[in-house]
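Peer 1: The structure under discussion is supplied below as structure tokens; questions concerning it will follow.
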Amino acid sequence: MYIKVKLMSNALEKINNFFKEKSWIKVFLIILMLMFVSFQLRAQTADMKFAQDNEFLKDMFSDEHGRMYLLALDPYYYLRLSENLYNNGHCGDTIKVVDGKETPYDLYQYAPPGHPLPWEPPVICLATLAIYYIWHSIDLTVTIMNAAFWVPAVLGMLLGIPIYFVVRRVTNSNIGGIAGAIALISAPGLLYKTCAGFADTPIFEVLPILFIVWFILESIHSQEKTALFKKDLKNPISLFVIAALIIELIIGAYLNIASGESVVIASILFYTVSLAFILAGLIIAGIKKLKGNELEFELFALLAVILTAVSPKMWGAWWYGFDVITAFLVIYIIALALLKSQVKIKEFINIGNLKNIVYLSIFYIFGSFVLLVAIYGMGIAISPITSPLGYNQILSTYTQTTGWPNVYTTVAELAKPSSWSEIFTNAIGSDTIAIVGILGILLSFLSLRYEKVKLDIKYSILLAIWLAVTLYAATKGIRFAALATPPLAIGLGIFVGQLERFLKMKSDIAIFGIGIPAGIFGLLILSKYSAKISQILLPTTYVPIIAYGFLIVLALLAIYKISDIISTLNDKKETIIKVSTLLLCIGVVIPPLSAVVPFSVAPTFNNGWKEGLDWIKANTPNNSVITCWWDNGHIYTYEARRMVTFDGGSQNSPRAYWVGRAFATSNENLSIGIIRMLATSGDEAFKKGSVLMNFTHNNVSKTVKILNEILPVDRSKAYDILTKKYGLSDKKAKLVLNATHPEHPNPDYLITYNRMTDIAPVWSMFGFWNFSLPPNTPNDKREKGAFFKGTAYYLGNGTILANVNVYTYSYVTLINSTNISTAIVQKINGQAKIIGTFKIHKLYIKTPLGVKELVLNKDGQLSEFIRIEADGRGYAWLATRNLEDSIYAKLHFLDGYGLKHIKLVKATIDPTDFGIQPGFKIYKVDYGTDYLK
């Protein structure tokens, strides 16, 4: 037994010595672990846990190979562009001549008329096709959608790397680096927008600045050694930097002046070369560090310059990161210059090489500016100066500027947060983590890297500026809260790292005041979350090589840590320190990880919708238009390849009023007039510069009033209204009528779906929009309608019972052959009690035998729709009175009852929301020819 223990002890000692001698292996394993953790968290969506093992639901939300569809809505826009790029060599649906030049053209978005696209493909499309080519070469069943699904998860593997190295640089603590990286990786807001399936651009809003900050801090750390600025042009680093800048300049300039199909090739070359230089720079830095050689600061500064030059292609607001770093460098230089003259405090503050810091700043700012000018032109290059001046207005989504309704006021992620707690929760998961992160930022001015207390102001300056800017943006719209995630995560990591550094001073105060409580904290967390440990370790096995690769890497790190602790058993203080810091790290990372395990999100696109959209694609003319509310527009254009009235990229337009009006009105002639106008001439009748807008001197209210008068009537009556009532000339009246009463209108298909019932307060508010009210009138002061959903039961003998939940009350209607009674029921102390009745103005009852329409009480403020299917299923809806005869209600609840020109042609399953089934409905709009009289 003794021999076995001795052998085990020797083996552990050898392992510990090995990791100490080859410390880079430990760092490599930590990086690998962080990459695997990030991927695993983001891959959970592929398991479709939302279905709860319901095979029907899994089949509905996946393709024929069982691979889940993309999440959200905007990813389908980029998916369509990616497929176009693969099939056509550009992102357009076709090529059109625009301003005398052949240009890729999007036929379907905001159509007619659609719009031109740049030749240069978005970076997300290139990333999608890169994964597709690799994966498809292995598995021929893989589609471009399948590849797009994994883009955010693959790129998300990079998120933790810069955080780990930044925190490690600040604190010299691997524990702190891991804690900070995990905090970022698991931040709920960021996780949702970068999980597998969310193939959108948020990943590109975060990644560039993370790496640029890391590169800048590494460059500052290497400030003592320079090559270029001491004119050592034969130095390999000097040659590499010069060559990289020249090549980037040439390729970037070529991309800027290229035209036509060569732009696609140039952009691929630009991204490839930029990535190659960044990877080469990191490899060079790694090799030099392994050899124990000092790095020249120009190397990491070059990487920061290259990535800054690429950033505008990833996100339109790229300049905020450049401004943060530039402000930091300027303030840091000023602070160092002031502190350098203070002889008494110089020994406590790390001043460093001020001259080289100035050189570094010039290199980064000027180098970035030159590349930006070459690649994009002067406009983009100076946008870090010009953009912030007008961005405050852009951030304020409630600003009304055109007289038309502002759709952004109804987009949840653009709403202003109600509290700091909401911002912090969206940014990093909880108020507690955010507060600790802020404390870490405050503590970052202390340098405890070498068990000595010194002041180092650079980290606190950078992080304070970064956090202040991002939190300010978050106060203008909750979607920007994710921008504050990186500085808060770094702050958390610094806090943990500083505690470890303080413990390593081995004072009794540190060990007993921090070490032992930290250990107890870790044990309590382990105990509290013990039931979820297995899920945290293995959240998914969808990609086995990653899942089990993570466990192997974690096991190797655990073996190292055990050997490290055992090697210190003879030194009780050292043992307490190592055990305490390990438990502290575990205690910090487990809560945020447990909060996102399991993690699942259901797609919107599904096979029920696919069936309906495929029907449109196969059975309608190519010039057909789909009229719908904007939210699902990208899905419709992707699957049906038909024009849509508006979508998630064009929602804030006058069409929001017109489409809302078409659904909310009870006037069928007005509704089809609106649809006919939008489907054929788009915005021609009401855009700025149109006949009516010029006639009314850009008075939107008057323009809308005129159009609402002429759209429901035939052409001759509309002509009389325009010429006799409003005094337009014959020529101008006919120009208006060409847009509103076209001779050759595009066919139109209306789509309704169950969620439209839920969001009726939104589209009806726009449909009932009162243009005479001040533009900044709050939404809650405007007229809107609503529907409340419930169930209905046929009890036999002509008796029907309907139950609709309205907030916390049940509105019950009992109908029999002789009487209709109502009751409002509330649960009080667990008992259902009738607390009153309600008055129904109009009642619609649809059965397999037909529709019965009854007016019950002229004073009723609610109306009710009841639908009983042949198989016994029953549905009920309460409606506000202003929507009781709306086109939407008659279409979705009654299948077009009472309408002459809009007919149901296809209905398929809608599994996305509770409601009528089949609930995805397609209607053909028949304009007829009478309107041309």
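Backbone N, Cα and C atoms are what each Cβ position is placed from, and that goes for glycine too.
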Peer 1: What does Swiss-Prot list, out of Asp200, Asp323, Asp508, Asp564, as binding the same Mn(2+) as Asp74, Glu413?
Peer 2: Asp200
Peer 1: Out of 9-13, 389-393, 539-543, 629-633, let me know the one Swiss-Prot marks motif 'WWDYG motif'.
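Peer 2: From Swiss-Prot, the annotated motif 'WWDYG motif' range turns out to be 629-633.
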Peer 1: Based on the record in Swiss-Prot, is it correct that Asn172 and Lys454 are on the same side of the membrane?
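Peer 2: Yes, Swiss-Prot places Asn172 and Lys454 on the same side of the membrane.
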Peer 1: Report, as numbers and ranges, every residue of the chain located at least six residues beyond the transmembrane segment (362-382) whose Cβ falls under 8 Å of a Cβ in that stretch; write 'none' if there are none.
Peer 2: 216, 219, 228, 245, 248-249, 252-253, 255-256, 270, 298, 301-302, 304-306, 308-309, 312, 322, 325-326, 329
Peer 1: Count, for each of the binding-site residues Asp74, Asp200, Glu413, the other C-beta atoms lying within 10 angstroms of its own C-beta, and report the residue with the smallest count.
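Peer 2: Each of the binding-site residues Asp74, Asp200, Glu413 was scored by Cβ atoms within 10 Å; lowest is Glu413.
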Peer 1: Taking the centroid of the Cβ atoms of Asp74, Asp200, Glu413 as the Mn(2+) site, which other residues of that chain lie with their Cβ within 8 Å of it, listed in sequence order?
Peer 2: Ala72, Leu73, Pro75, Lys193, Phe198, Thr201, Pro202, Gly648
Peer 1: Most CB pairs under 8 Å with the transmembrane segment (428-448): which of 147-167, 175-195, 197-217, 264-284?
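Peer 2: Against the transmembrane segment (428-448), the leading stretch is 175-195.
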Peer 1: Between Lys193 (site 'Important for catalytic activity') and Asp200 (Mn(2+) binding site), how far is it from one CA atom to the other, in Å?
Peer 2: 8
Peer 1: Could you tally the C-beta atoms, other than its own, that fall within 10 angstroms of the C-beta of Lys193 (site 'Important for catalytic activity')?
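Peer 2: Total other Cβ atoms inside 10 Å, all chains included: 22.
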Peer 1: What is the number of other Cβ atoms found within 10 Å of the Cβ of Ile759 (site 'Interacts with target acceptor peptide in protein substrate')?
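Peer 2: Its Cβ has 15 other Cβ atoms within 10 Å.
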Peer 1: Can you see whether the transmembrane segment (175-195) and the transmembrane segment (237-257) are touching - at least 3 CB pairs under 8 angstroms, only pairs 6 or more apart in sequence?
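Peer 2: Answer no, regions not in contact.
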Peer 1: Same chain, outside the transmembrane segment (197-217) by at least 6, Cβ under 8 Å from its Cβ: which residues?
Peer 2: 45-46, 68-72, 74-75, 78-79, 122-124, 128, 148-149, 151-152, 155-156, 158-159, 161-163, 165-166, 169, 190, 300-301, 303-304, 307-308, 310-311, 314-315, 317-318, 320-321, 324-325, 328-329, 364, 458-459, 462, 466, 482-483, 485-486, 601, 603
Peer 1: Helix, strand or coil: which one is Glu413 (Mn(2+) binding site) in, per DSSP?
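Peer 2: In the DSSP reduction, Glu413 (Mn(2+) binding site) maps to helix.
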Peer 1: Take the C-alpha atoms of Asp200 (Mn(2+) binding site) and Ile759 (site 'Interacts with target acceptor peptide in protein substrate') and report the distance between them in angstrom, rounded.
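Peer 2: Cα of Asp200 (Mn(2+) binding site) to Cα of Ile759 (site 'Interacts with target acceptor peptide in protein substrate') measures 24 Å after rounding.
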